[in-house]
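Asker: Straight out of TrEMBL:
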| type | residues | note |
| --- | --- | --- |
| TRANSMEM | 6-28 | transmembrane segment |
| REGION | 51-71 | region 'Disordered' |
| TRANSMEM | 112-135 | transmembrane segment |
| TRANSMEM | 141-164 | transmembrane segment |
| TRANSMEM | 176-195 | transmembrane segment |
| TRANSMEM | 233-255 | transmembrane segment |
| TRANSMEM | 276-297 | transmembrane segment |
| TRANSMEM | 317-336 | transmembrane segment |
| TRANSMEM | 374-399 | transmembrane segment |
| TRANSMEM | 470-488 | transmembrane segment |
Amino acid sequence: MAILGAQLVFSLIVFSFLQKLSCFYSLGRWLLAGRLVRYLHPSDEDLRKAAGIAPSGSNKSNSKSRRNNAKKGTLLKDADETFTIPCNTPMQLDTAPVHAIDLVHLHYYSEYLWIVDFSLSAVVVYVLTEVYYLFRDTNEMNISILWCLLAVAFCVRVLISMTADYFKAEDGGERILIFTFGFFCLVLSMGILVVDESVLEFGLEAGYENFSSGAVKLLKVQGIESAGPVEFLTFKIILAFFCAFIGALMTFPGLRTAKLYIDALKYSRETRFKQVLLHLNFALPYLMLLLWIKPLARDILCGLNWKIKTKVFTEPVFENVRISMFVVLCVLRLALLPTHMQSHLNTAHNKIESLNKESGRVSNSDVKKLVARVFYFIIVVAVQYVVPVFVLLFLAFMYKTLGQFSWSGIFGERAEQFAMSYQWSAPVAVQKPANASETLVETVSEFTLVFSDLRAVFTPVFYKGLLSFLTWWTCMSWTLAMTFGLYYHTRVDN
């Protein structure tokens, strides 16, 4: 309690309350259930009627054949179960609203609910903790970082699980695509890591130097002679392979986002405002990438370029604007989730129209699978749609908190000074109570000493450089996959 303070108890109470509330009200369930309409596959009777096929029960030869097969003990499918119809047979698909009971049995539904509801709870805890931390001493540990780390870990776990499912597919096309995009991200990240800090301002080199010097000092205090951690070049190589791993995980979420964007625009032609929101939702990650390019963003907006005298933002405000863009992206992405999911469900009708343009015959079971597969895949689509945004959001939160940026800086120096004037520190007891346990006091003091030593090694400068790069690269790999998906679905697939 001396280190974590009241915010540990406060965050646990708030988080427990939100988790109990999620049993009765779930944001993930509310975004899908009752807001979407799905297509139902036609029945066998409807297919026979549309194709002009008489019911098999009226055919005497088929009945005699079934009796002969039964006498022989052979297991053949009933003629009522499998039959073929011409591909150009006109088929009418009925619609039905999507209810929560329809989604329960779908794959990844529990993971989807957990990620959305946990992320909402983590955001609420983070906001309340930030308000508390705004009026507290900055030396106190901010425990909201724990919830951000858990949220990112849950999202990465689901992405790994989905990527593993693609590797289990019989067709090796998905595996080849993941390996290819991962290798491309490896090469690209190596090139980006050698770009000068005056172009891409991550602060990675300064952060690693600060970390290395802090580690050397700590080892000297412990009586260990060392030249420090690995060389900066080795650190870059390790980071490049980690970037390739991130790129591989973002492959199919990016492709899926591009497909949903194209389909949503197709079904929103009559609503101009919604089209503007869809364009903004898709283009916002690209704009966010430009905010890390120093000559295009900081130098111009902060008036650091000698040719531009107009200062739009101060540098603290500029940092807050970059972080706030991720919040705007997350809110916009969740607001348009039903629109994108409905565009995915509408592809069932498009598949039937494409089937009608083909020649030959198709079985009734294939027609049913063609329509039903679209709805059965909706939760996977929803997870691929929201998970990258949650990863970016919580990485941005950690970048803000561990980099020791202040939200009050976005309102100017006066607001920041006003917030700092109201900061207060809890009184520290300097005398030990008479009945205090000697072992407990020693344990707390040792833990406090270790914690202070670690904070001297993992400084805000190091966190700022590392998290700035990871946030930017996660967005970069995601947008690369989106760009490839946009080209594929508009040029190649057509």
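Backbone N, Cα and C define each Cβ position, glycine as well.
Because TrEMBL annotations are produced automatically, they should be read as predictions rather than curated entries.
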Asker: With Cβ-Cβ distances below 8 Å as the criterion, list the same-chain residues six or more beyond the ends of the transmembrane segment (233-255) that contact it, or say none.
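Answerer: Beyond its ends, the transmembrane segment (233-255) has Cβ neighbours at 156, 159-160, 162-163, 166, 174, 177-179, 181-186, 189-190, 193-194, 208, 384-385, 387-388, 469, 473-474, 477-485, 488.
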Asker: Taking 3+ C-beta pairs under 8 angstroms (sequence gap of 6 or more) as contact, is the transmembrane segment (112-135) in contact with the transmembrane segment (317-336)?
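Answerer: They do not touch: fewer than three Cβ pairs between the two stretches lie under 8 Å.
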Asker: Hey, does the transmembrane segment (470-488) touch the transmembrane segment (176-195), meaning at least 3 C-beta pairs closer than 8 angstroms, sequence gap 6 or more?
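Answerer: Counting Cβ pairs under 8 Å (6 or more apart in sequence), the transmembrane segment (176-195) reaches the transmembrane segment (470-488), since there are 3 or more.
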Asker: Look over the recorded stretches 141-164, 276-297, 470-488 and say which has the most C-beta pairs under 8 A to the transmembrane segment (374-399).
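Answerer: Most Cβ pairs under 8 Å with the transmembrane segment (374-399) come from 141-164.
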Asker: Give the nonlocal contacts of the transmembrane segment (317-336) in its own chain as ranges (CB under 8 Å, at least six residues past its ends).
Answerer: 31, 264, 277-278, 280-281, 284-285, 287-288, 291-292, 297-298, 301-302, 385-386, 389-390, 392-393, 396-397, 399-400, 403, 405-407, 409-410, 412, 471
